[in-house]
Amino acid sequence: MTAALPIHDYALLDDAECDARIVAAKAKLGKRCIVLGHHYQRDEVFKHADIYGDSLKLSREAAQSEAEYIVFCGVHFMAEVADILSRPEQIAILPDLAAGCSMADMANKVKVQQCWDELAQIIDVENAVTPVTYINSAADLKAFCGQHDGIVCTSSNAEKILNWSFAKREKVLFFPDQHLGRNTGYRMGIPLEQMVTWDFNKPQGGLSEQQIRDAKIILWKGYCSVHQAFQPEQIDAFKEKHPETIVISHPEACFEVCEKSDYIGSTEMILKIVREAEANTRWLVATELNLVNRLNQECKAQGKSVHFMAPTLSMCSTMFRTDPQHLCWVLENLAAGHVVNQVSVPAEQAALAKKTLDNMLLAS
Ligand code: 13P
Ligand code: SF4
């Protein structure tokens, strides 16, 4: 058999040529391959997805797919989830292995274990704390939750998952995104003072023993750099010019932005709400630029205008790494019988992580 085709042969291909070759490779692979696309993917890649969605929808699709190859146009943790939830003989592929998630990188096993151990000095962690990891995290952190009877959540099921967690134990350790945890907890009626932030660079998270004892949710001090760009003043300034504006935000946006928003929801929910809204409405959206631009184009026909909240254009640079050249490269290799860029989670870790993901899929 010939060797795998090297990526450098693709680097200089123009997008139009890639486009035609992606279509041809997909046709050759047929049902053996499914391409999943997250809503933040750029148009040139997104249009080749067989199924697109938010993290929860794509996890379900990966778990149910019959395809031999699951090509994930998204970021690394998403391909890991596809590998964990699919059958052992199925293969998960990430077109560019450097497509990570900067928020996911803000928590790691060493720091979370250290946090757990430090909490154990003060409270009975195993009986008092449910660890909850946002799906935007590495597989070993999902495995950590599996080991400690915890669970995974996404932006679309966080409230259900927190309810599940509080039914088990009185406190939650929530990582890595402080904003999703805080925004969700607050809407469930938990006062801000009972949601403390664990600074993973400080001893005991920078918290006093009393703060830890009194907390309902201990929030990891992680955040998304893309959603960090949205600020409440941007809403005020926009509404001054267009008072009729309806504001919708992803829960990774900060508390002050979510407080000023009419709706809060996952990427899939944002699309649904704006699509189903009355014609001729104006929307200000706090989430990634590719999604907002596509939604604006789509809704123009209904007289809706959809605006990006931040004055500077901020894209998710890691989602952007998946380009038509990488997609073409992985698909043509698969069509030629070569697997490149497989994402494979070690079996022991995958088994523990699967337990938490299964808990999540059942609870949501
Ligand atoms: P969704 O699950 O809402 O698509 O969010 C994923 C993500 O990474 C948002 O930044
Ligand atoms: Fe991660 Fe933020 Fe990009 Fe989502 S938008 S994948 S949270 S860096």
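All residue numbers here begin at 1 and follow the chain in the order shown.
Keep in mind that glycine also has a Cβ here, set from the backbone N, Cα and C atoms.
Caution: TrEMBL annotation is automatic and unverified by curators.
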* Among SER65, SER155, SER261, indicate the single residue that TrEMBL lists for the iminosuccinate site containing HIS38, SER55, TYR134, ILE135, ASN136, HIS250, PRO251, GLU252, THR267. => SER155
* Asked: Which one, CYS316, CYS328, is listed by TrEMBL in the same [4Fe-4S] cluster site as CYS101, CYS224?
  -> CYS316
* Asked: Within the set TYR134, GLU252, CYS316, which binding-site residues show a CB-to-ligand 1 distance under 6 A?
  -> GLU252
* How many Å separate the Cα atoms of GLU252 (iminosuccinate binding site) and CYS101 ([4Fe-4S] cluster binding site)? -> 13
* Asked: Where does ASN136 (iminosuccinate binding site) sit in the DSSP three-state scheme?
  -> coil
* Asked: What is the number of other Cβ atoms found within 10 Å of the Cβ of TYR134 (iminosuccinate binding site)?
  -> 30
* **Contacting binding-site residues for ligand 2, chosen from HIS38, CYS101, CYS224 when the Cβ sits under 6 angstroms of any of its atoms** => CYS101, CYS224
